[in-house]
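Remarks on the structure that follows.
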Amino acid sequence: MIETDRLTRCYGPLTAVDALSLRAEPGQVLGLLGPNGAGKSTAMRMIAGFLTPTSGTAWVCGHDVRKEPLAAKRALGYLPEGAPSYGEMTIREFLVFMVRVRGLERDVAFRRFDEVVMRLELDEVLDQTIGTLSKGLRRRVGLAQAILHDPPVLMLDEPTDGLDPNQKHSVRMLIDAMARERTILISTHLLEEVHALCNRVAIIANGRLLADATPAELEARSRYHGAVSFSAPGSGVSREMLARIPNVSMVEVDPLDGRVTVFPRAGQPILDDVQALLRTQNLEVSEIQLERGRLDEVFRQITTQRGGQA
Amino acid sequence: MTPVLAIARRELRGYFVTPVAYVFMVIFLVLAGLLTFYTGDFYDRGLADLQPFFDMHPWLYLVLVPAVTMSTWAEERASGTLELLFSLPVTISQAVLGKFLAAWGFIGICLALTFPIWITVNYLGDPDNGVVLAGYVGSWLMAGAFIAIGTCMSTSTRSQIIAFILTAAVCFLLLLVGQPQVLDFFQDAVPPKLIGAMGQLSITRHANAIARGVLDLRDLVYFFATIVAWLAASVVMLDLKRTR
C-alpha cells in the first residue's frame with residue numbers, strides 16, 4: 001500500500017509538489033499522469049526516500065518514510081526516471097550487488113535472481129557491461145533491480161519511456177502480471193499507457209492533484225462520451241435530421257474525411273435512435289462507432305484549464 | 001553480507017574495472033620510489049630506516065588521494081545512481097562508510113605494494129622492523145584522514161574536478177598550517193596558545209612523528225578524530241542535499 005498525506009516539496013520559491021494526498025491499495029495500478037514538470041518524479045522521489053518532503057509525509061506498507069525509512073525502503077521496489085545503473089558493471093555483477101545490499105538470504109537470492117533474469121529475458125546478456133547496452137535493455141535491468149526482492153509495492157517512473165512498441169508491450173505484460181497482489185504506482189505522460197495498464201488515474205499538474213478516478217470515469221467526463229460517429233461516404237447525411245433526434249445536442253462533420261459525430265445530451269443514450277434513423281433513411285454506413293470518450297481531451301481540459309488558474 | 005561491506009566491495013571492484021586504478025598505482029609507486037631516493041637522501045643518510053620514504057607520504061597523498069576520492073560521490077550524483085542508492089534500505093552513514101572503506105582499502109593495497117623498498121632497506125642494513133611497521137600503519141591512517149576529507153568534498157559537488165581541487169586545497173592547508181615558516185609568520189599576531197593549537201591541528205606535526213615510527217596515542221586520536229569528523233560532515237552534507 002502507498003499513501004501520501006499532503007506531501008509537499010518546495011525548491012526555493014517553486015512548489016514542485018503541492019499537498020499531494022494519494023492512496024493506492026494492493027491490486028491497484030495507480031497511474032500518475034501529468035504534463036512534463038508536473039511534479040510526478042519529485043513526488044516519487046519523496047516516497048522512495050531520496051528527497052525529504054518539505055512538509056507532509058508518505059507511507060509504504062504502513063511505514064512512514066520519514067520515521068522508518070529503512071522499513072519503507074525494504075517494502076519498495078523503485079525504478080527511478082531514466083533507469084540509472086552503474087555503467088561499468090555487468091548485469092550479473094549489478095544484480096548480485098543489489099542482492100547483497102538488500103541482504104537477501106542465500107537461497108532466496110538464488111531463486112529470485114533466476115526468476116528475475118527469466119522474466120526480463122536477460123539470460124543471454126548477463127555478462128555484458130551495462131554501459132554498452134541499448135536503452136531498452138537498460139530499462140529492463142532497472143526493472144529487474146526493482147522487482148529483485150519481490151517487493152509488495154512497486155514504483156516505476158516512466159517505465160516505458162524511450163522503448164520501442166514491442167518492448168513497451170513486454171514491459172506492460174510484466175507489470176500486468178505483477179499487478180494482482182501488489183500495489184503499483186507508475187508515472188507516465190502517455191495516455192495509451194493509462195488504458196493499457198492502470199485501473200486508477202491521478203492527474204497532477206503544477207504539483208497539485210486535479211483528478212483521481214478510474215480511466216472509465218475520466219472518459220465519461222469527455223464530451224465524446226456516448227457520442228456516435230459514423231462514415232457515410234457518397235451520401236449526403238442530413239445534419240438537420242440527426243439534430244432533430246430528441247437526445248442529440250450537436251452534430252459535427254469532419255471537414256477532411258466527412259465523418260459524422262453525433263453528440264448526446266449529458267448521459268443520454270442515442271445509439272439506437274441514430275441507427276434507427278439511418279435505417280429508415282436507407283443510408284449506406286460503412287462503419288459506426290459508439291465513443292467511450294477521449295482521455296486526451298479530458299487530460300488537456302483538466303491540466304490546462306484548472307492548472308492555468310492555479 | 002551487511003550493506004556497508006556490499007558497497008565497499010562494489011566500490012573497490014570499481015577501481016580495478018578501468019585502467020585508471022593501475023595507472024594510479026604505477027604513478028604512486030614510481031613517485032614513492034623516486035622521491036625517497038632523490039629528494040629524501042635515502043643513501044646519503046647512512047641510516048637503515050624508512051624515514052625519508054615516510055616523509056614524502058603527506059605530499060604524495062596530497063596529489064593522489066584527491067584523484068581517488070573525487071569520483072566517490074560526485075559521479076554518483078552526476079550519473080543519477082545516487083537516487084538508486086538512496087532508495088535502497090541503506091542509511092547514509094552506511095553508504096559513506098562503505099565508500100570510505102573501499103578507498104582506504106585501495107590506498108592500503110598501494111601502500112602494501114611498496115614492499116620492495118622495505119626489502120631493500122633490510123638487504124642494505126638492519127632496520128628496526130617494528131618502527132617500519134609503525135610507519136606503515138601511521139601512513140595508512142594519515143591516508144584515511146585525507147580520504148575522509150576527499151569524501152566530504154566529493155559530496156558537496158557533482159563535478160569531479162571541483163572535488164579534486166577542493167580536496168587538494170583543504171589538505172594542503174592542513175599540511176601548511178603546521179610548517180615552521182607559517183607558524184612564525186603568525187607569531188606576533190596570535191597568542192602563543194593559539195599557535196600551539198594551530199600546530200596541533202596540522203597534519204604535518206602528526207605525520208612527522210609517524211615518519212620516525214613513533215605511534216603516539218595522541219597522533220592516533222588525531223587521525224581517527226579527523227576521519228570521523230569529516231565522514232560525519234559528509235553524512236550531514238548528503239542529508240542536507242536531500243532537503244534542498
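Cβ coordinates are placed from backbone N, Cα and C, and glycine is handled just like the others.
Taken from TrEMBL as is:
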type	residues	note
TRANSMEM	B:12-38	transmembrane segment
DOMAIN	B:62-185	domain 'ABC-2 type transporter transmembrane'
TRANSMEM	B:96-119	transmembrane segment
TRANSMEM	B:131-149	transmembrane segment
TRANSMEM	B:161-178	transmembrane segment
TRANSMEM	B:220-240	transmembrane segment
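Broken down with DSSP, the domain 'ABC-2 type transporter transmembrane' (B:62-185) shows 104 helix, 0 strand, 20 coil. The stretch in closest packing with the transmembrane segment (B:220-240), judged by the count of Cβ pairs under 8 Å and taken from B:12-38, B:96-119, B:131-149, B:161-178, is B:131-149. Within its own chain, the transmembrane segment (B:12-38) has Cβ neighbours under 8 Å at 50, 52-53, 56-57, 59-60, 64, 67-68, 102, 105-106, 109-110, 113-114, 117, counting only residues six or more beyond its boundaries.
Under 8 Å from some Cβ of the transmembrane segment (B:131-149) lie the Cβ atoms of residues 49-51, 53-54, 57-58, 61-62, 65-66, 68-69, 100, 103-104, 107-108, 111, 118, 121, 167, 170-171, 174, 203, 206-207, 209-215, 219-220, 223-224, 226-231, 234, all in the same chain and six or more residues away from its ends.
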